[in-house]
């Protein structure tokens with residue numbers, strides 16, 4: 001019987017949004033509306049600070065692929081299906097495939113940097129209007145761009161590999177070096193792919209011509225690549241001291257003469273420190289995300305369609321608390337009409353904002369506008385009047401493969 005998989009949500013384009021207020025269809029209008037969003041005190045009883053919820057669209061300007069954008073993975077690679085958590089845990093061959101493709105993509109991920117949007121969020125924090133970030137992204141750009149502002153990484157992070165048995169984490173750069181040692185042919189292929197520029201182009205047609213498919217989260221697909229030849233190491237801690245399993249039996253961690261994990265092993269398996277599709281967010285992270293929403297009075301959503309329930313439920317939680325919501329996203333957002341019900345048709349942004357201006361253009365311009373003396377004066381006036389003012393001060397790679405394997 002064939003294995004059944006959960007449906008990947010919202011692979012098709014979502015309905016286009018209604019721009020709110022209508023003036024937010026232009027860059028100056030969106031800036032003015034968002035200033036009003038920040039200046040207008042939240043409903044009584046809510047703190048005056050704003051929490052930001054981000055998705056992959058924010059990192060597109062850093063050269064990374066998103067999922068549902070115009071050039072996102074689900075748009076340009078219609079056959080893409082992510083590896084499911086239970087597949088990775090149960091299948092040695094699936095892990096080979098995952099780590100081979102991640103090995104090819106890690107160079108691009110590790111060399112990418114936060115963009116102007118991430119640094120604008122930092123600056124909004126310094127201006128006192130943003131107090132925290134919740135991100136679905138696994139690229140670690142938020143902690144790098146604003147280390148002093150709390151960030152809840154909802155879906156984990158690619159900067160580490162984690163053992164599914166002992167839960168120890170290991171830096172991804174160190175893990176990459178070990179993958180290269182165990183896979184010299186793949187190491188040489190990666191060098192050729194980098195020198196050819198195949199991993200740098202952002203043109204999907206050029207990527208296909210060069211024989212690669214670059215997906216979100218550092219996944220590089222090379223059609224016809226021999227993933228079954230790839231090898232990966234064991235958790236060094238579990239290899240030294242095989243741990244007991246949940247049923248009380250002793251775990252088995254076996255490696256070959258080079259240190260590559262053998263298929264017989266049922267412990268010491270390393271996975272990316274991310275929430276894979278079909279897995280669940282840990283109770284600790286869920287609690288932190290809920291607390292971050294509950295400690296704010298406004299929600300600013302950017303670069304995400306909220307297609308995953310883990311993110312959408314946070315926006316719903318904010319709406320249920322009466323928090324004004326602003327959404328900056330190019331394209332539709334899951335169930336967004338519910339976030340903007342009961343708004344005064346004449347409101348200028350204080351009750352809610354919806355715009356499709358790119359974060360790369362909008363956020364730096366917004367920060368510049370809010371740094372002007374009149375904007376600072378207006379923020380001070382609102383916060384002084386608010387009863388909670390004191391709290392607020394707080395070459396074709398496929399061909400290269402054939403050469404190396406011949």
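Positions of Cβ are set from backbone N, Cα and C atoms, glycine also.
Less than 8 angstroms from the CB of residue 155 (active site, proton acceptor) sit 136, 137, 138, 274, 275, 281, 310, each of them six or more residues away in the same chain. The annotation active site, proton acceptor is assigned in TrEMBL to 155.
Counting every protein chain shown, the number of other Cβ atoms lying within 10 Å of the Cβ of residue 238 (Zn(2+) binding site) is 22. If you look up TrEMBL, you'll see 163, 166, 235, 238 marked as Zn(2+) binding site.
Residues or ranges marked as domain 'Deacetylase sirtuin-type' by TrEMBL: 24-373.
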Worksheet, complete the sentence: Ranked by how many other Cβ atoms lie within 10 Å of their Cβ, the binding-site residues 163, 166, 235 are led by 235
Discussion item. List the residues in the vicinity of the Zn(2+) site, defined as same-chain residues other than 163, 166, 235, 238 with C-beta within 8 angstroms of the site's C-beta centre.
Written reply: 164, 165, 167, 168, 234, 236, 237, 239, 243, 253, 267, 268, 269, 270
